[in-house]
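**Q** Sharing a structure, written as structure tokens. Questions coming.
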């Protein structure tokens, strides 16, 4: 074989080996891609949820050569593993005073940041923690659309939630449902949220569960179908919700609707001696749910609805104590009334409020002013639910009477690792119109406190924004 033939032979052999190597590489790449997509498209029903990833990185430097080794461990959990319905078996914790839990300072921050205009706020917890909720007005404090947000009902309102302690903004708020009245609660497996929307004479409710709309409820009295404006409570999957449709200053039609996974299980007309029900603040303990409400028609004493979620039944009455907790209200009388409203007070027909009724361990919240939504205090009133002579044995200032308050309501972190359910409450700190007409908007910040067995001091947790900075 001459030299030219040798060169041609060697070249041909090299080219053949190169082509074979290229084909092997292509086949290997195709096999890897195919296996990747085969795993990635395995049906969800056969694939456990990947709930988290732990990774650790080790760096070793030898003779100026750096090697990085990363170990990745996937934490695998089957769907609904360790997820069960909340069971309200524990009692309330003993409370001797209240410690601060959260304060969002939304109005102060909103002076130079994009903060949502809200009202009717509350807190609600789930197995992962607690979130703040409110009805947004679809605009920010600095936006021109903030003009006119003193009005309660519009097509632009939505129930939003955000991480506890932050101020609500367009960037951190999650829309739960659309509407101008709401409630929301977690049953241990998923969250149910309810929003009312529509015109006054034909409003409707949409019930969401697990992030999807499940049930729709039409108006039954044609007069502002509305609900609690704070969290509902669930027991063994049953979540009762109090709804009212009808006049705010006369007899209205109230119903207790029992839901499971967003679907109606039973509807009850209001029974008992309560004459008017709005904006109930509910909590659960010892397999009973108690709702402390607002009588916007007659009573300066608050109506109480006691619900048995196992039997899906209820009764209603009035808070027996002579300590009146609605606003406006007359002076505290010498005797309370368990079965009828106590009338009197100024022109303001009422405000949302709360109480925890637990025998000797009972606490009531109210504005300090009898006539307006200013200041806020909580009073320990043993046996307030049953004793017409019961009076306060201690109290704690939450907001001093030189500052505005607003709605208040109950909530509990039912998943906290305690031997009892620790009572918590929030106070809405309203700013802007109508009391502060130099700005165009009406909005709020939130302060929240929880019970303590210790005897802690009082402080004023007022909003703290300088309205003059907004001019």
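Yeah, the Cβs are placed from backbone N, Cα and C, and that goes for glycine too.
Straight from Swiss-Prot, here's the annotation block:
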- 152: active site, proton donor/acceptor (ACT_SITE)
- 407: active site, nucleophile (ACT_SITE)
- 93-420: disulfide bond (DISULFID)
- 125-130: disulfide bond (DISULFID)
- 185-232: disulfide bond (DISULFID)
- 234-239: disulfide bond (DISULFID)
- 280-293: disulfide bond (DISULFID)
- 282-291: disulfide bond (DISULFID)
- 320-338: disulfide bond (DISULFID)
- 424-450: disulfide bond (DISULFID)
- 92-471: region 'Head of neuraminidase' (REGION)
- 1-6: topological domain 'Intravirion' (TOPO_DOM)
**Q** What disulfide-bonded residues among 185, 280, 293 are found with a C-alpha within 10 angstroms of that of residue 234 (disulfide bond)?
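**A** Of 185, 280, 293, within range: 185.
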**Q** Quick one: give me the count of other CB atoms within 10 A of the CB of residue 234 (disulfide bond).
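**A** The Cβ of residue 234 (disulfide bond) has 26 Cβ neighbours within 10 Å.
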**Q** Give me the Cα-Cα distance between residue 125 (disulfide bond) and residue 185 (disulfide bond), rounded to a whole Å.
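**A** Just about 8 Å between their Cα atoms.
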**Q** For residue 93 (disulfide bond), what is the secondary structure state per DSSP, taken as helix, strand or coil?
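**A** Going by the DSSP assignment, residue 93 (disulfide bond) belongs to neither helix nor strand, so it counts as coil.
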**Q** Find, among the disulfide-bonded residues listed as 185, 282, 291, 420, the one whose Cβ has the highest number of other Cβ atoms within 10 Å in the structure shown.
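**A** When each Cβ's neighbours within 10 Å are tallied, 291 leads.
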**Q** I'd like the number of other C-beta atoms within 10 A of the C-beta of residue 93 (disulfide bond), please.
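**A** A count of 21.
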**Q** To see if you understand the setup: which same-chain residues, six or more apart in sequence, place their Cβ under 8 Å from that of residue 338 (disulfide bond)?
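**A** The answer is 273, 317, 318, 319, 320, 386, 388.
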**Q** Among all protein chains shown, how many Cβ atoms are found within 10 Å of the Cβ of residue 293 (disulfide bond), not counting that one?
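**A** So the Cβ neighbour count for residue 293 (disulfide bond) comes to 30.
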**Q** Which of the disulfide-bonded residues listed here (185, 232, 424, 450) have a Cα atom within 10 Å of the Cα of residue 239 (disulfide bond)?
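**A** Within 10 Å of residue 239 (disulfide bond): 185, 232.
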**Q** Among 130, 152, 185, 407, 420, these being the recorded positions, pick the one whose CA is nearest to that of residue 282 (disulfide bond).
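**A** Among 130, 152, 185, 407, 420, 185.
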**Q** Do you know the mean pLDDT across the topological domain 'Intravirion' (1-6)?
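**A** Average per-residue pLDDT within the topological domain 'Intravirion' (1-6): 56.
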**Q** Within a 10 Å radius of its Cβ, which of these disulfide-bonded residues (280, 424) has the fewest neighbouring Cβ atoms?
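**A** Result for the disulfide-bonded residues 280, 424: minimum number of other Cβ atoms within 10 Å at 424.
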**Q** In terms of DSSP three-state secondary structure, what is the assignment for residue 239 (disulfide bond)?
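**A** Looking at the DSSP assignment, residue 239 (disulfide bond) belongs to a strand.
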**Q** Mind giving me a neighbour count for residue 320 (disulfide bond)? Other Cβ atoms within 10 Å of its Cβ, every protein chain shown.
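**A** Its Cβ has 23 other Cβ atoms within 10 Å.
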